[in-house]
Amino acid sequence: MLEEPRPRPPPSGLAGLLFLALCSRALSNEILGLKLPGEPPLTANTVCLTLSGLSKRQLGLCLRNPDVTASALQGLHIAVHECQHQLRDQRWNCSALEGGGRLPHHSAILKRGFRESAFSFSMLAAGVMHAVATACSLGKLVSCGCGWKGSGEQDRLRAKLLQLQALSRGKSFPHSLPSPGPGSSPSPGPQDTWEWGGCNHDMDFGEKFSRDFLDSREAPRDIQARMRIHNNRVGRQVVTENLKRKCKCHGTSGSCQFKTCWRAAPEFRAVGAALRERLGRAIFIDTHNRNSGAFQPRLRPRRLSGELVYFEKSPDFCERDPTMGSPGTRGRACNKTSRLLDGCGSLCCGRGHNVLRQTRVERCHCRFHWCCYVLCDECKVTEWVNVCK
């Protein structure tokens with residue numbers, strides 16, 4: 001057995017460029033690799049002008065909305081982390097999305113039409129939508145806030161809360177409230193268990209910004225561009241499909257006589273799991289790229305609408321190949337007792353494995369904060385691991 005201390009290298013790529021996660025308890029903002037004290041003002045200079053790889057349209061969007069773009073960049077970072085979690089047992093495990101010190105979309109695999117390319121695009125689009133909508137609900141962005149609610153709905157909620165307050169004081173329902181007009185919904189009674197209220201996450205704004213920021217790269221008549229746009233749409237659709245209802249109790253002495261509820265973005269782990277399931281049933285498109293951008297054969301739109309699509313057969317990803325975005329599997333930790341994809345037999349592609357004693361320092365107990373830093377503890381781990389030759 002070999003003994004080799006292998007400290008974990010510092011994060012690179014998007015992690016290093018945007019939000020280098022802290023390996024100590026010290027607080028720091030790192031936007032695009034800039035070390036800034038506290039919570040700096042998010043200006044075009046701190047967000048846009050130091051980030052390479054933006055298209056002309058993206059740069060313009062960033063200059064107009066630097067705070068929203070900062071949230072979008074955090075969404076990309078979270079999406080890469082989730083991608084790595086979902087594919088942690090695969091030969092291609094999303095680590096290539098971190099390299100290059102630029103946006104993930106400059107990774108070689110995102111210029112191809114593999115299954116893994118489709119999954120990555122959907123994850124990144126979902127991450128941007130999710131992060132922007134969440135920042136809206138927290139009141140962090142100038143150009144958006146809570147999801148829209150009609151004045152009638154607000155009036156119903158106000159009447160309900162006033163009625164509950166009056167009842168808690170032993171009084172009758174206040175007569176000063178305006179009575180509903182013809183055709184209006186009746187005033188809510190105290191027996192009603194919940195009403196829509198609170199701050200809905202503005203998913204429409206998050207979806208639109210994700211579309212404007214990511215789909216702007218695409219040429220509309222190119223088959224690869226159409227594949228990317230389609231998979232971007234699927235990623236955003238999964239976020240919408242998994243919206244959650246969150247509620248807050250109202251009542252005396254901690255009771256829950258009445259609840260106000262709002263629609264909130266799902267946990268991003270649930271989004272990642274749903275997209276991982278779609279990866280397993282992704283649809284192969286046999287296409288003749290005649291610059292028409294049409295999928296051949298023409299499948300029913302309903303069948304395609306919620307599924308990932310790809311048009312290139314994936315390589316085995318055993319060896320390093322920068323042209324395909326494959327880092328290879330040499331040096332990857334494997335499970336020698338597993339017969340699944342994470343087993344040494346599969347992951348090491350028949351090359352065998354070594355047993356090493358590794359000591360590394362890694363980030364742990366990380367918490368994402370808006371915007372744009374990650375606060376982590378520092379953990380030292382020593383263990384025997386099986387590593388692919």
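Every residue, even glycine, has its Cβ placed from backbone N, Cα and C.
Under the heading compositional bias 'Pro residues', Swiss-Prot lists 177-189. Residues or ranges marked as disulfide bond by Swiss-Prot: CYS83-CYS94, CYS136-CYS144, CYS146-CYS199, CYS247-CYS261, CYS249-CYS256, CYS318-CYS349, CYS334-CYS344, CYS348-CYS388, CYS364-CYS379, CYS366-CYS376, CYS371-CYS372. The N-linked glycosylation site annotation in Swiss-Prot covers ASN93, ASN335 and rests on sequence analysis. Look at Swiss-Prot and you will find SER253 tagged as O-palmitoleoyl serine. Feature annotation from Swiss-Prot assigns phosphothreonine to THR46. Among the features that Swiss-Prot reports, signal peptide is placed at 1-28.
Every protein chain shown contributes to the tally, and the Cβ of CYS94 (disulfide bond) ends up with 25 other Cβ atoms within 10 Å. Packing around CYS366 (disulfide bond) is summarised by its Cβ count: 13 other Cβ atoms lie within 10 angstroms of its Cβ, all protein chains included. Taking CYS349 (disulfide bond) as the reference point, the disulfide-bonded residues whose C-alpha atoms are within 10 Å of its C-alpha, out of CYS94, CYS144, CYS379, CYS388, are CYS388. CYS379 (disulfide bond) carries a strand DSSP state (E or B).
Set side by side, the disulfide-bonded residues CYS83, CYS256, CYS344 differ in how many other CB atoms lie within 10 angstroms of their CB, and the most is found at CYS83.
Note: the Cα of CYS94 (disulfide bond) and the Cα of the residue listed as 'phosphothreonine' are spaced 27 Å from each other.
When each of the disulfide-bonded residues CYS136, CYS247, CYS249, CYS334 is scored by how many other Cβ atoms sit within 10 Å of its Cβ, CYS249 comes out lowest.
Spatially close to CYS144 (disulfide bond) yet at least six residues away along the chain are VAL68, VAL132, CYS136, ASP202, PHE205, judged by Cβ distances under 8 angstroms.
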